[in-house]
Amino acid sequence: MEKMKKPRSSAPSCFGFPISIFFIVINEFCERFSYYGMRAVLVLYFKFFLHWDDNLSTVIYHTFVALCYLTPILGAIVADSWLGKFKTIVSLSIVYTIGQVVMAVGSINDLTDYNRDGTPDRLSVHIALSVVGLILIAFGTGGIKPCVAAFGGDQFEDDQEKQRSMFFSIFYLSINAGSLISTVVTPILRGEECGIHTKQRCYPLAFGVPAALMAVALVVFIVGSSMYKKVLPQGNIMVQVSKCIAFAVGNRFRHRSKQFPKREHWLDWASEKYDNRLITQTKMVLRVLFLYIPLPMFWALFDQQGSRWTLQATTMNGDFGNMQIQPDQMQTVNPILIIVMVPVVDAVVYPLIKKCRINFTPLKRMTVGMFLAAMAFVAAALVQVQIDKTLPVFPVAGQTQIKVINLDIAEAKVNFGPGLHDVSLPSQGETDYFMLDAASLKTLTVSYGSRNKSRTLAALGQKRYTLEIKNNTVDILDELVLDNISSKPEEGNNLIRFINNLPSTANITMNNINFGEVQTWFASNYTAFQKGTKKIVVTDSSSTCQQQSIPFGFGSAYTIIINECGSSGLKIRYVQDIPPNTVHMAWQIPQYFLMTCGEVVFSVTGLEFSYSQAPSNMKSVLQAGWLLTVAVGNIIVLIVAGASKLDEQPS
């Protein structure tokens with residue numbers, strides 16, 4: 001139990017503020033950097049490292065966020081009833097730091113990449129470490145959430161109301177600064193490539209830096225220990241309120257017979273054990289909590305900025321001129337707009353509404369906020385409609401998809417059997433992918449003029465294939481190549497492969513990535529490249545040629561055909577297998593703007609309204625109720641996403 005320290009007039013101060021609060025502000029900045037930095041890249045880590053689909057990634061993401069907002073109730077009870085704020089913050093910060101370190105370790109690809117092929121051989125180990133890390137982080141960040149701000153307020157004397165008010169403004173600024181900077185920095189770190197054996201997206205660095213910042217936050221907070229005023233735990237009002245409600249419900253149930261007279265309010269049944277003051281205050285709190293019932297719907301929409309909206313950005317074009325924006329960096333739009341819009345709304349919008357004699361009550365403001373959040377998702381849906389028009393169609397059960405590439409200078413025809421697709425190809429021509437019924441596809445016939453070649457096909461299944469054809473002097477080439485692509489390239493990369501149409505084997509290199517020896521008329525495997533132009537170098541039996549590629553965008557796939565390498569240089573042909581992302585990320589700004597407007601009039605007003613409606617000693621109960629609405633909102637999202645995942649299961 002902590003000892004009560006009486007305030008001393010000689011306590012160290014700076015500009016009228018206790019020096020101790022500067023340690024608390026720095027601690028909060030580092031902790032928020034750690035939390036929001038880790039959270040910014042989390043859903044992409046689930047999708048691209050752990051290889052979970054969009055729905056499972058969304059479910060786990062919102063489960064984590066919900067847990068982060070459920071645990072503050074536990075933290076407040078522990079701090080007020082047992083350990084005190086200081087020891088609670090230190091203890092749970094240690095748990096928090098361990099969780100961040102476990103997350104960083106779990107994201108190291110080389111940890112289980114025993115065959116050094118760039119893919120973890122025991123993904124279950126990484127999943128287990130990630131889940132343990134997230135649970136520790138949720139208990140850490142949630143547990144200290146209600147303690148740090150209140151602990152800062154404890155450092156001031158009763159006559160320092162002005163300084164205390166300014167402290168909370170600085171405290172809130174440190175939260176937004178940590179959030180903004182980390183949401184910019186950690187996606188950049190994730191975009192780097194690192195690794196011992198193979199180079200991968202650098203999730204260990206993206207999680208490692210937040211872990212380091214959390215360790216710094218812990219050290220800074222402990223360094224200021226001797227300067228803090230530590231208040232003795234005096235019991236948690238939430239526990240008293242809960243016991244009062246439980247006793248009233250139980251007592252009413254025991255006296256449910258008609259022989260007992262009714263009481264004005266069901267909480268009055270607690271009067272046998274609790275004083276009228278606590279009962280009256282509990283009634284006031286419950287009236288406000290009743291108004292909280294629709295609030296989770298706002299948070300269900302708001303927190304999808306870090307999940308669904310980030311996943312949406314992975315299918316968009318992030319080219320902003322000289323700057324390339326990562327999908328998870330679009331989340332920075334929210335804190336930037338918050339910093340701009342809070343003063344604008346307070347200083348301009350609300351005074352104008354007041355001058356127009358419109359009674360814009362807190363409840364009306366919150367209603368407008370929820371409406372704006374809904375409009376943000378209407379804007380997001382309109383963007384998604386445009387994105388869906390650019391997405392490739394992949395085969396479903398019972399279908400096979402085939403593209404035909406003519407490597408010859410002569411015209412060709414391909415017949416896939418009775419009632420199926422027939423194609424005619426010009427010299428050096430190709431088709432787009434087209435669907436065929438897998439069960440009916442049993443033969444194919446390639447024709448060059450009067451020369452034909454037929455072959456029987458084994459069951460091809462629900463996959464994409466490329467059929468390479470060429471009128472060779474000995475025979476007609478009809479090579480059917482499995483494409484191994486079932487979705488858009490990950491993280492906006494471009495998948496590139498080569499077909500060697502030279503008369504001899506060629507060694508092919510692109511931007512220092514070697515595709516190895518590619519035999520004549522064969523195709524290499526796909527390899528991922530980032531946007532921009534690349535240097536292509538081809539070496540065959542007689543010469544070496546090189547050439548700059550076309551500029552690649554975001555999320556495309558190309559087959560590059562090597563047609564000639566000699567005295568006239570390198571002649572190549574580009575066949576687009578998957579079109580690049582064409583909808584620009586800037587189209588997400590309107591939905592972020594609407595959501596931020598909703599947050600400003602909803603969240604700020606809601607907290608202010610809650611505090612104004614509750615007795616001073618009940619504010620912690622309403623704070624817990626407010627955080628609970630955030631948790632319930634995220635639970636709503638994970639239920640919806642979970643139901644969507646069940647709908648996708650085959651019947």
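Backbone N, Cα and C atoms are what each Cβ position is placed from, and that goes for glycine too.
As the structure is a computational prediction, the values presented were derived from the model and not from experiment.
Per TrEMBL, these features apply:
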TRANSMEM  9-27  transmembrane segment
TRANSMEM  59-83  transmembrane segment
TRANSMEM  89-111  transmembrane segment
TRANSMEM  123-144  transmembrane segment
TRANSMEM  164-190  transmembrane segment
TRANSMEM  202-223  transmembrane segment
TRANSMEM  284-302  transmembrane segment
TRANSMEM  333-353  transmembrane segment
TRANSMEM  365-385  transmembrane segment
TRANSMEM  624-643  transmembrane segment
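Remark: the transmembrane segment (284-302) contacts the transmembrane segment (365-385), by the rule of 3 or more CB pairs under 8 A. Annotation: stretch 164-190 has the most Cβ pairs under 8 Å to the transmembrane segment (333-353), among 59-83, 164-190, 202-223. Under the criterion of 3 or more C-beta pairs below 8 Å, with sequence separation of 6 or more, the transmembrane segment (89-111) and the transmembrane segment (164-190) do not qualify as touching, having fewer than 3 such pairs. Between the transmembrane segment (59-83) and the transmembrane segment (202-223) there are fewer than 3 Cβ pairs closer than 8 Å, counting only pairs 6 or more residues apart in sequence, which means the two stretches are not in contact. Outside the transmembrane segment (624-643), and at least 6 residues removed from its termini, the chain residues within Cβ reach (under 8 Å) are 55, 58-59, 62-63, 65-70, 72-73, 76, 145-146, 238, 285, 288-289, 292, 295-304, 307, 606-607, 610.
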